[in-house]
Amino acid sequence: MIGIEEQFVDIQKPKSLFGARHVQVLMLFLAMMIAYGMRVNMTSAVIAMTNTTNDNSFDWDIKIQDMVVVSFFWGYGFLQIPGGEIAGRFGGKVVIVLCIAINSFITLLLPTSAYYGDWKALRACRILLGLFQGFLYPSVHNLISKWVPLEERNRLGTIIYSGAHLGAAMQFMASNAIADYWGWPAIFYINGGLGALWTAIYLYVGSSSPRVSKRVSEEEKLYIQTSLGHVGEEKKLRTPVKATFISLPFNALIIAHSGYEWGFWILTTLIPNFMSHMLGVDITANGLMAALPYLSLYIMSFPFGFLTDYLVNKKLLSITAARKLSCSIGFYGPAIGFIVLAYAPADVKIVLLILAITAGLSAGHYTGFLLAHLDMAPNFAGTLMGVTDYLASATGVMVPTVASLLMQNETDQIEWRKMFFLTSFIYFACNTLYVLYGTCEKRKWNEPKSKSASKDNDTAETKSEKSV
């Protein structure tokens, strides 16, 4: 890991309204959009691929279709922790470029793999897609820790991560039209092409940190580094594995992340089944309905981001209190939403309204636990995100498994109430534990024990910049 010898200098914000840090934020926002588009595109594309009225259709039953869609997550967790370590050692630029470039290449190959290797080859490509997208969150967290000043962390961090849900929403809304006009392969060619274009642009404008960037002014560099406590010499740090895993606040963070992921999987994977079996509506065939939870999350991210920065910068709340307030809205709100949904009438408009509110309130996670890694241990933010996201991703397997055990008849509202009550309890319990034991105070193990500076303070990061 690359650590920083801290010095303290008066913070003066640059006069320019749009600086190099904003370019980095914009590129990371687009990276999240493109990555999530490639993540969810199969959900819509597989409908067109198996429509016998279309050219080049496939005779795949529903089991094979589901397998192709979810196979992404079979590989998703494995590179998250290594991705955080690589980003900490060589810089986040290297890792995110690998993530988007490889994902783009694989996405461009998906039509060919389906033509010549049928669903088995397609499944293998989706597993690889998930494997390398495991680099995404750790690299972005690492880059935020280097580029985003503390005073702007909540709003800029939220803008970056909201790109994921906007990308998914746009993918759902556009895929059916793309398939109708140009055929289903165009879905993958457009996604892959956008990813390749992003990679080319980011190789030119992107940078792992202001320290090694050639496109940031000295004024802006000093502002960012002073705000983050990065004025001084860089050091190579070892990840404090033992201290991390015995840290009660970090374990509370894992629990919060896992609780959010459970609820998110319910919203995005089980709710379509609920709508289909209970209301007779296939929202996967309706782009706007499928995009609704993601759009709600995206829209609500902005008030959370700007309000949290206001509360912290005006010293109305500590960063820990602000994170817990956001998290409480983002967890207790959906917990109530699922209880309401359990007793909602069989009216599509009412159910969609409840889902929109529930998903929108969950946007509190952006300024709740999602940025807490950066507060607790900025020197290891990428690795910590890799750990929590890796462990939380297990809920993607647990949700369908638990659902199959609890629900024997998906047309019975009583059966659905069991799942919604459980989800409400998980939201409530996970956030309560986070409120009780979580903190955003910087951990002692974030700082190196030795005060001696590294001889080559930014050699590794600079070399990686030149090689990418």
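Heads up, residue numbers simply count up from 1 along the chain you see.
Here the Cβ of each residue, glycine as well, is placed from N, Cα and C on the backbone.
Where the annotation comes from TrEMBL, it is an automatic prediction and has not been curated.
Matching 118-136, 156-174 against TrEMBL, the residues noted as transmembrane segment span 156-174. Cβ atoms under 8 Å from those of the transmembrane segment (291-313) belong to residues 151-159, 161-162, 165-166, 168-170, 172-173, 267-268, 271, 283, 319, 322-323, 325-326, 329-330, 352, 355-357, 359-364, 366-367 of the same chain, restricted to positions at least 6 beyond its ends. Per-residue confidence over the domain 'Major facilitator superfamily (MFS) profile' (23-443) averages out at a pLDDT of 93. When each of 23-42, 94-115, 186-205, 325-344, 384-407 is checked for Cβ pairs under 8 Å to the transmembrane segment (62-82), 384-407 comes out on top. Listed as Cβ neighbours of the transmembrane segment (350-372) (distance under 8 Å, sequence separation of 6 or more from its ends, same chain) are residues 144, 153-154, 157-158, 161-162, 253, 256-257, 260, 263-264, 267, 271, 275, 279, 289, 292-294, 296-301, 304-305, 308, 322-324, 326-331, 333-334, 337-338, 340-341, 344, 434, 438, 440.
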